[in-house]
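Before any comments, here is the structure.
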Amino acid sequence: MSASINYGFILTLSSIKRNLFSIGGPILVILGTIGSILSFSIFIQKHLRKNPCSIYFMAYNIASIGVIYGGLLPPVLELGYSIDYSIYNLDICRLRLYAAVSLGCICPSYLILASIDRVFITSPKAHMRRLSSRRYAAIFIITGTLFWLLCSIPIGVFAAILNPAPNYLICLTQTNTYTRTISYGSLAKEILVPSMMVFFGVWAVKNIHHMKLVRIAPTGSLHTTQRKTGTPMIQAKDRQLVVLMLINIIIYVPFSCVLPIVLLYTQLTASQSESIETLQSQDFLFRVATYCVYVPYCINSYAHLFMSKTFRKELKDIILTGRLFPCCA
């Protein structure tokens, strides 16, 4: 005789999952939207937007809003309020999956580029420092964006509205092989991206710590200055941007580590016979891990305010002067 189903346990998980997205979801959406707009308004100020790292942060803030509304909002509506238009329209289904995957790759890639830029500007080698420029920032951002937009096209092509059970529709990729490929790709992405952020972040910090030789800035650069004693010194603005970049990494890494752990566990147990309780537990863990993925995009700006006195001062000046989005002339 088969074991009895623990309906109380299943209902408890369903209730927690629903409350997480119905209550916590809108909170993240609101906080993330306001934070991204305020952060963008700071980096677009005339004295900051000339810095390549600020350009990466502006791109990150714009992409964060896309992630919030293209990646976070659909599961909030689906799991928190039982609203899912993607199961009734194939085009919406394709757009939802394409937006979630492409933006989920584009946004963290900007953080990686920002950390690489900090490695460039803190490098003792002049040819490396020349790579920290607005021109290269624009090239890297456009190239990276187009790369992920093109690589994500198969997601939309293979998207379909499936009916795995009576009265149950789901927007998902239509082939099991491609679905497994996406799962393994997501696992690799969630492992590689934090690893690269940590690697380049530590590299930038080591460059600053071991900077001993006199630095001569590239022609036209305002990034570096020099003390009268001959000791090199990175400009205060660049040092602050390194701090903000490290804050982003510190927040992103722990939250992003939850999903690969869940995906790895799911892949390892995929061939085993599982009970309904186990399947529901896996779905619950996956949904919680998915929620955690979006947390950094919604709280980074507030961490900047809490940790950086300069960031708070810039925001205060914007509020007092009303220069939310200054003219880019």
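Each residue, glycine too, has its Cβ placed from N, Cα and C.
Annotated features, as they stand in TrEMBL:
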- 20-43: transmembrane segment (TRANSMEM)
- 35-304: domain 'G-protein coupled receptors family 1 profile' (DOMAIN)
- 55-77: transmembrane segment (TRANSMEM)
- 97-116: transmembrane segment (TRANSMEM)
- 137-162: transmembrane segment (TRANSMEM)
- 182-205: transmembrane segment (TRANSMEM)
- 241-264: transmembrane segment (TRANSMEM)
- 284-306: transmembrane segment (TRANSMEM)
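Contact between the transmembrane segment (97-116) and the transmembrane segment (20-43) is absent: fewer than three CB pairs lie under 8 Å, with pairs separated by 6 or more positions in sequence. Counting only same-chain residues 6+ beyond the ends of the transmembrane segment (284-306), those with a CB under 8 A from a CB of the stretch are 13, 16-17, 20-21, 24-25, 28-29, 31-32, 35-36, 38-39, 61, 64, 67-68, 71-72, 75, 79, 104, 107, 244, 247-248, 251-252, 255-256, 258-259, 261-263, 265-266, 312, 315.
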